[in-house]
Amino acid sequence: MSAAEAGGVFHRARGRTLAAFPAEKESEWKGPFYFILGADPQFGLIKAWSTGDCDNGGDEWEQEIRLTEQAVQAINKLNPKPKFFVLCGDLIHAMPGKPWRTEQTEDLKRVLRAVDRAIPLVLVSGNHDIGNTPTAETVEEFCRTWGDDYFSFWVGGVLFLVLNSQFYENPSKCPSLKQAQDQWLDEQLSIARQRHCQHAIVFQHIPLFLESIDEDDDYYFNLSKSTRKKLADKFIHAGVKVVFSGHYHRNAGGTYQNLDMVVSSAIGCQLGRDPHGLRVVVVTAEKIVHRYYSLDELSEKGIEDDLMDLIKKK
């Protein structure tokens, strides 16, 4: 990491936490705030999808560069500034070992360096970042490039947990890494219960479910029934209010008991009818309110008055 990166937005997660938010300063509720959530910039997918070769295609990503630049510009214009900008995985399209991976990574870093230095980045690993069947080597590459693959941090009395959801999809080549995350997660959820934090929020790439906890296994876009139910019950027991994810390239989601599952569409390639966009998430003492904006809407109009009123409420 260069000195410029160290002093800029790349406050990479290390030691399972995010130095941008010191726990000793952020453990108490201080009033409403908001953050921006994006997913799947996935440099290269638009071309790969258009040619029908998602495994090997993706040799162009100019569209994704322009879209991500538009997202960054829209975020930088916001006032007040968001507490952070989280990207929920699939940062690039080229899987580990595939052509163009290095070039896509460098181009995304270049675009993200333009994020206002006062807005830390929170980076979540996706299946394209570490592979559909991750290995110790692919996870290590992600950690070296972008920071820890799972970690927690506090902002104003709210506990945020970032998970590596690929460990729940296929940990067959790195079972010990999956076990380590499981143990860590249990410890973090225990802290959430004991501390009675204002809210607890989870970020992961693959959704628990797309609409319902009881939906069929999709074998790609959701976690298996047994895995999702086990995780969701753990989250609910610890008081987690909402899980945010990407991966689906469409907006979706549902509720299981008192746990909201929010699936946010992509900055990059759309697989449904949603526009390229970002989600504004407002955290108040009582609730978590979120709204998806197209990049054009957020660029031209900013955040709507009703959300701004919540942010400014004392």
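Every residue gets a Cβ built from N, Cα and C, even glycine.
When Swiss-Prot records D90, N127 as binding divalent metal cation 2, the matching candidate from H237, H247, H276 it lists for that site is H247. S294 is the residue among S125, S152, S245, S294 that Swiss-Prot describes as phosphoserine. Its own atom aside, the Cβ of D90 (divalent metal cation 1 binding site) has 26 Cβ atoms within 10 angstroms in the protein chains shown. The recorded positions near H247 (divalent metal cation 2 binding site), taking a 10 angstroms Cα-Cα threshold over the set D53, D90, S294, are D90. Geometry remark: N127 (divalent metal cation 2 binding site) versus S294 (phosphoserine), CA distance 24 Å.
In this structure, S294 (phosphoserine) is part of a beta strand by DSSP. Highest Cβ count within 10 Å among the recorded positions N127, S294: N127.
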